[in-house]
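For reference, the structure is listed below as structure tokens.
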Amino acid sequence: MESGSKFTFLGREPTVRHMSQTSNDLDSEMGSVEFAAYTVHMPPTPDNQHTEICMERSTSQRVKEQYAMNSLFTGGFDSVTRAHLMEKVIDSETNHPQMTGVNGSNCSVPGCDGKLMTDERGLDIVFCDCDYKICRDCHRDAVRTGDGICPGCKEAYKEKDIDEYDVDNQQPRHLPSSTGTSKMERRLSLMKSKSLRSNSLVRSQSNVFDHDYGQWLFETKGSYGYGNAMWPKDAMNGSRDGDGGDLDVLLKKPWKPLTRRLNISAAILSPYRFLILVRMVILALFLQWRITNPNHDAIWLWLMSVVCEIWFAFSWLLDQLPKLCPINRVADLDVLKAKFETPTRENPRGKCDLPGIDVFVSTADPEKEPPLVTANTILSILAADYPVEKLSCYVSDDGGSLLTFEAMAEAASFANLWVPFCRKHDIEPRNPESYFSLKRDPYKNKVRPDFVKERRRVKREYDEFKVRINGLPESIRRRSDACNAKEDLKTMKLKRESGDEDDRPGEPKATWMADIAHWPGTWTIPAPGHSKGDHAGIIQVMLKPPCDEPLIGTEADSSSIDLTEVDIRLPLLVYVSREKRPGYDHNKKAGAMNALVRASAIMSNGPFILNLDCDHYIYNSQALREGMCFMMDRGGDRICYVQFPQRFEGIDPSDRYANHNTVFFDVNMRALDGIQGPVYVGTGCLFRRTALYGFDPPRIKERQGGCCGFFSRRKKAASVASASDISSQESQSVVGEYDNEEMNVSLIPRTFGNSSILIDSIRVAEFQGRPLADHSCVKNGRPPGALTLPRDLLDASTVAEAISVISCWYEDKTEWGGRIGWIYGSVTEDVVTGYRMHNRGWKSVYCVTKRDAFRGTAPINLTDRLHQVLRWATGSVEIFFSRNNALLASTRMKLLQRIAYLNVGIYPFTSIFLIVYCFLPAFSLFSGQFIVETLNITFLVYLLGISLTLIILAILEIKWSGIALEEWWRNEQFWLIGGTSAHLAAVLQGLLKVIAGIEISFTLTSKSGGDDVDDEFADLYIFKWTSLVIPPLTIMMVNLIGIAIGVARTVYSVIPQWSRLIGGVFFSFWVLVHLYPFAKGLMGRRGRTPTIVYVWSGLIAITISLLWVAIDPPSANNQIGGSFQFP
């Protein structure tokens, strides 16, 4: 084919928009907008009758969809959006019909080696009833130059609607810019009317949004329940037969909740609350006694201890008050299935009526996050027990690595075998690495006779899959070297032919894809436009969207295992690498997540988003259904996210460094669930898309302020009408009154960006995310059967639009990262994002499943664990010094929730007082004094009361949370280890950022690839030098020296002060016991601790000891050993 030849499509030309204007251009355009009123004809309510919907798509539609699915789309700032048709994405063979790559039969036209597009079963798409095999290029030529005559049967083609666009056969295909109508406009019937001359605006779903956006989502007519635009009008009079529309019947219909709230037993919770009150009183009395009874012999020692104890009491109060209302929740999956997947009068075919879920998986560096780990996470998502057509998976590769790209393609290929195997035999867990590593009997409760044979076959295929994944770096290197060598030879030949004797190096060494084309992302040897911080945006659909109906396997699909009774469809899988350019702040993980939010809104627009780290996989295949129970239950429309607990694998049995963090996940988070909801912890969280978009929850009645809504106006209550109000609501006009229409028009694009398709998708996502209006108690619901229609075609124009919204400039002068999506400005963007939602009045839910929902990995060596805690604590300090401080929260946040968030920002500052307090026992032993003048009965009683209440409270927490005593103790130990090391460094770093503006950078925590089969806990004994270990090691050495000096002084003293020795030794021992895991980690297994650690810690300990003795020398008559005397 000649370069620049025309390529034709049957049917309508795909609209491919290249958005090249900058934000400045946008501002100028918005200033000259002519305000117009649009009348929107809403699509009629699906009548849900027993009628078949014709789902057959035309040949042209299927060809266009296949073209979009088989192309690698690239583009970005000041560049043309390109679609490169991929004949293959990996070197190995692929045979699944949803897999990317043109893998149809060869064209039958003589002299043509093109391939045919395939349908959802992998069958060739033909253009004529005679089944003559002709590729799209030859078909175009036949229609354009051959009068539309089929070369096979010599009959005219039935479809002759030709669209043309340029295709360069040698270079990536340039998709034309177009100003055609948006995808949403093609769905709706829009009639443009005269320019606006009144104070009222009709609701619009066009490119210009001319109203209060929050009200646009939750207005009365937008509340899809009784008496609204989508509810059948004749459902009010009880005359509707056969489809469940009779209002009287629905009002009397028994309603089953999807979730239940299980309160903690009063026999445990009442004493627990009472003891908290008792301990508060004891602490208040103790502090009052300490302040009024100073130690005049050691006033500085007394003053430091009192200040520290006051802070500890305050810190304990902040931590304990949010624990007053712990609850448990349970979901009913049987009710979910009965409501959404069972044939009813409204849904006679029993098609799935559940909303869609977009799953986000983020990775950034294949060297620190092994591709095999990410691939296993992807496989667990693709095999999840959720309707295939409602599930989409997006992989964010922030490094733009070809290694990650091809690893995802290999995972998509292996999913062809793994996912049907899991469905057929009900496999758990559905991460192949975890499943084949189980130490229990894999054949237990398996009754199918072919299970043993098929398991062995799948295990063998998985081993080969791992070999391919691990061999990808070498494969890419060899391929790139060979291609670069050929390019060099061509360049040298051209130079010789032209007589150029220049021996300077030629073009940079490129990285090549499997189809022998340049990789548009990061090259192995970085070059301009191909480095981690400078590359184009990339989108590749790895697995095409599945068809709407189950696709049962045939004998042809059963080459490896028998799939004749199994649905072989796979969910949509998309690879995304956002554009990065020098000079743009990419905002790390938060920026990558926001790019996925926008791209997924364009491509699948699932109303719910689940985000997972690359090393966190789905352990419970029904976890998504359990999370959906809360979102679809009564009042679920006010839930912004469902947070699942984090569970970890590969932790040493003793959990030396409290990696399981069970006290936080099973105590604190359960307690927050009884207030306004748990905090967002960064992974394993199911979001409501509209909550991420920054909207207020429905039915918010108070007046909006500047920080709570997009527009400063009073919002109307968004609730579904009662039966008595239906008639009056039906007669209400959709027209609303607004004070400043011009501001409303201009602020919408400035808030979300200038993608009209993205803005159009928001209202669709809000409607689809509403609970089912199957009873009068459900407010803001949607009618049954509304989500049983198939998804739209994913054409080239849609993917090209997704490329534009992941460009580096798209967020300029918008609210992304400020009030929309993941919030920027903190290394702990997760906590800030959840805080913003709670601050707007949303609620969250904590979902603890019987079988762990997700499992991941955690760093088990001391150094990585301390750096992880350092990052968390630094983010908390940033929060404290920002406008996200809970002291500035709105009135929509509950008091105890505000206290919990305040504690999140304050807890690192406890390290200052904790370090001082850990040195006090040694100082007491050095000086021979104590924090109190004498160990009298009053002090001992207070000490006993404080200790006993703490122990009893811990026991009660263990009872209602279900954690083990050892887990509680490990948490206490690591609280002191982290508080004397990472937390102090976080405070210093946070202050440097606030005062001096010094930015803080963190590196990714390396994930274990699971290659060390000889020792599962090899990482536990790894110690890498870090300055974080110096403070706790110094504390240990100073206390040990103090104990030795105190004992020696007391033994050889003329008048031994045994009470002071006992007090000092007891508190030193308390400190050392808490630091025991730290000492064990320093020793490791082979004594790998660097000598410099001991040298510096010893010098610091000796310096502190001599300094204290110099400041407060002992009396001259205190002699030790007769002749030895302190200086």
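One is the number of the first residue shown, and numbering goes on along the chain from there.
Cβ atoms here come from the backbone N, Cα and C positions, even for glycine.
Under the heading active site, TrEMBL lists Asp398 (among others). DSSP assigns Asp398 (active site) to coil in the three-state reduction, placing it in neither a helix nor a strand.
In sequence order, Tyr680, Val681, Gly682, Trp822 are the residues of the chain that are 6 or more apart from Asp830 (active site) and have a CB within less than 8 Å of its CB. DSSP assigns Asp830 (active site) to a helix. The annotation active site is assigned in TrEMBL to Asp830 (among others).
The UDP-alpha-D-glucose binding site annotation in TrEMBL covers Ser362, Lys368, Glu369, Asp398, Lys588. According to DSSP, Lys588 (UDP-alpha-D-glucose binding site) sits within a helical segment. Applying an 8 A CB threshold to same-chain residues 6+ apart, the list for Lys588 (UDP-alpha-D-glucose binding site) reads Asp398, Val827, Glu829.
Over all protein chains present, the Cβ of Lys589 (Mn(2+) binding site) has 20 other Cβ atoms lying within 10 Å. For Lys589, Asp613, the entry in TrEMBL reads Mn(2+) binding site.
The region 'Disordered' annotation in TrEMBL covers 1-26.
Annotation comment: TrEMBL describes 262-287 (among others) as transmembrane segment. Remote same-chain partners of the transmembrane segment (262-287), defined as residues 6 or more beyond its termini with a Cβ less than 8 Å from a stretch Cβ, comprise 306, 309-310, 313, 316-317, 320-321, 323-324, 326-330, 942, 945-946, 949-950, 952-953, 956-957, 959-960.
Residues or ranges marked as transmembrane segment by TrEMBL: 299-318 (among others).
Residues of the same chain lying 6 or more positions beyond the ends of the transmembrane segment (900-923) and with a Cβ under 8 Å from any Cβ of it are 301, 304-305, 307-308, 311-312, 315, 318-319, 322, 668, 672, 675, 679, 831, 835, 838, 873-874, 876-877, 879-880, 884-887, 889, 893, 931, 976, 979-980, 983-984, 986-987, 990, 1031, 1035, 1038-1039, 1041-1043, 1064-1068, 1070-1071, 1104-1105, 1108. Look at TrEMBL and you will find 900-923 (among others) tagged as transmembrane segment.
The transmembrane segment annotation in TrEMBL covers 935-956 (among others). Same-chain neighbours of the transmembrane segment (935-956): 268, 271-272, 275-276, 278-279, 282-283, 285-286, 289, 320, 965, 968, 1059-1060, 1062-1063, counting only residues six or more beyond its ends whose CB sits under 8 Å from a CB of the stretch.
Summarising the annotation, TrEMBL assigns transmembrane segment to 1033-1055 (among others).
Feature annotation from TrEMBL assigns transmembrane segment to 1061-1079 (among others). Here the transmembrane segment (1061-1079) has Cβ contacts under 8 Å with residues 656-657, 862, 918, 920-922, 924-925, 930-932, 935, 970, 972-977, 980, 1029, 1032-1033, 1035-1036, 1039-1040, 1042-1043, 1046-1047, 1049-1050 of the same chain, all six or more residues outside its ends.
Residues annotated as transmembrane segment in TrEMBL: 1091-1111 (among others).
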(message) Around the C-beta of Asp613 (Mn(2+) binding site), how many further C-beta atoms are within 10 angstroms, looking at every protein chain?
(response) 23
(message) Applying a 10 Å Cβ distance cut-off over all chains shown, what neighbour count does Ser362 (UDP-alpha-D-glucose binding site) have?
(response) 22
(request) Give the number of CB atoms, excluding that of Lys368 (UDP-alpha-D-glucose binding site) itself, located within 10 Å of its CB. (result) 13
(request) Using a 10 Å cut-off, grab the number of neighbouring Cβ atoms around the Cβ of Asp398 (active site), all chains included. (result) 22
(message) Helix, strand or coil for Ser362 (UDP-alpha-D-glucose binding site)? Use DSSP.
(response) strand
(request) Fill in the CA-CA distance, Ser362 (UDP-alpha-D-glucose binding site) to Lys589 (Mn(2+) binding site), as an integer in Å. (result) 8
(message) Cα-Cα, whole number of Å: Glu369 (UDP-alpha-D-glucose binding site) versus Asp613 (Mn(2+) binding site)?
(response) 10
(request) Within 10 Å of the Cβ of Glu369 (UDP-alpha-D-glucose binding site), how many other Cβ atoms can you find? Include all protein chains, please. (result) 23
(request) To the nearest whole angstrom, state the Cα distance for the pair Asp613 (Mn(2+) binding site) and Lys368 (UDP-alpha-D-glucose binding site). (result) 13
